[in-house]
Amino acid sequence: MNCLDPAPDTYRTFTHSLQFISIPTYLLVLISLIFIKSNVFTTYRIFLIWHLLENVSFELYAGWIVEPVLHAPYTLMRTSGILSKAGVGGLVQTLILCLGIQYNAVSISEMFWFRYKASIINYKERGYTYFLRFLVNATRFIAIFDVVFCTVTFDDGFRFQQKYKTDLLKLHPSDTFLTCDSVYIMVPFEDYVSAVFVISWILQSIVLFLSVFGISIFVKFNLPKSGSEATWKLQQHLMRSLIIQASIHAIMLGIPNMMFVYAFLFGYKNESIAYAAFFCLTTHGFASSLAMIIFTKPLRQYFLVLFKLKKPVASKTSIISVNKRASVF
């Protein structure tokens with residue numbers, strides 16, 4: 001077979017067609033975040049820009065540069081995108097894809113951590129802060145550790161991949177796609193490289209869930225009502241917007257991740273469901289960006305004015321943090 005044979009037409013059509021809408025949306029949001037003028041949106045928009053760039057990079061990478069192809073019931077991925085055409089192996093492409101998911105999780109964690117520090121007065125004196133700081137640092141550590149680990153163990157990982165391909169080909173000689181360099185086989189706990197990577201992937205998911213859920217609940221019940229009413233309402237609004245974005249990630253990123261882990265451990269038979277999971281994984285950033293426009297008030301107002309749907313109104317309210325951190329928003 002041709003190792004560059006693409007994924008099914010249905011998957012490619014849905015994924016690539018959506019990008020005619022998603023890419024302009026990303027660019028529009030990015031430009032708006034860069035040029036928006038708001039005295040209450042100074043620092044927080046940097047985190048939004050970071051997360052937006054992560055989303056668009058991941059969508060382009062998964063949709064065009066990798067372009068995964070599945071072969072049920074094998075727990076493997078054959079890449080058929082730009083990198084495969086350039087001769088880059090499946091191991092490198094898969095590791096970059098997995099690390100991209102992990103660093104997307106880091107950006108979510110950092111946004112929630114920032115909102116926690118911006119929302120809670122004297123947060124350093126709160127005992128709960130130590131627990132949250134541990135979770136955030138754990139997310140950072142796992143992401144950095146995985147980059148170092150993948151780099152140091154690359155040769156061993158490549159050797160294990162060659163062994164798995166050879167063994168499977170002996171059992172199933174008619175499945176010639178197993179000879180492709182663009183194939184990556186996931187055999188968890190059969191070697192130390194895949195074992196460490198799967199464990200760190202699961203730990204990262206658990207830590208992210210605990211930190212996001214913990215910050216959301218704590219801020220909801222401990223948001224200070226001192227200061228102006230406008231400040232308090234804006235804090236509530238920004239936190240609500242972030243929770244909605246995180247919920248989208250939990251559905252479109254978290255559920256596919258759990259499906260992949262399940263498939264790694266127990267196998268799978270239905271390719272259609274697996275491709276649907278990849279579609280959600282690839283396009284989760286677009287859904288998050290739409291939520292950012294709809295539910296982030298400063299950005300929404302900017303778009304309404306930009307498209308002449310609302311007249312610009314000069315803000316009469318000076319929003320200043322009680323603990324004198326004027327740019328915490």
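Cβ from N, Cα, C; glycine included.
Per TrEMBL, transmembrane segment is recorded for 18-36, 48-66, 86-109, 130-154, 192-221, 242-267, 273-295.
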The transmembrane segment (273-295) touching the transmembrane segment (48-66) per 3+ Cβ pairs under 8 Å rule: yes
Folded-back contacts onto the transmembrane segment (86-109), same chain, C-beta under 8 angstroms, at least six residues removed: 47, 50-51, 54-55, 57-58, 61-62, 65-66, 77-79, 135-136, 139-140, 142-143, 146-147, 150, 154, 157-158, 161, 180-184, 197, 201, 204-205, 208, 211-212, 245-246, 249, 253, 257, 281, 285
Intrachain residues whose Cβ lies under 8 Å of the transmembrane segment (18-36), provided they are six or more past its termini: 45, 48-49, 52-53, 55-56, 59-60, 63, 283, 285-286, 289-290, 292-293, 298-299, 302-303, 306
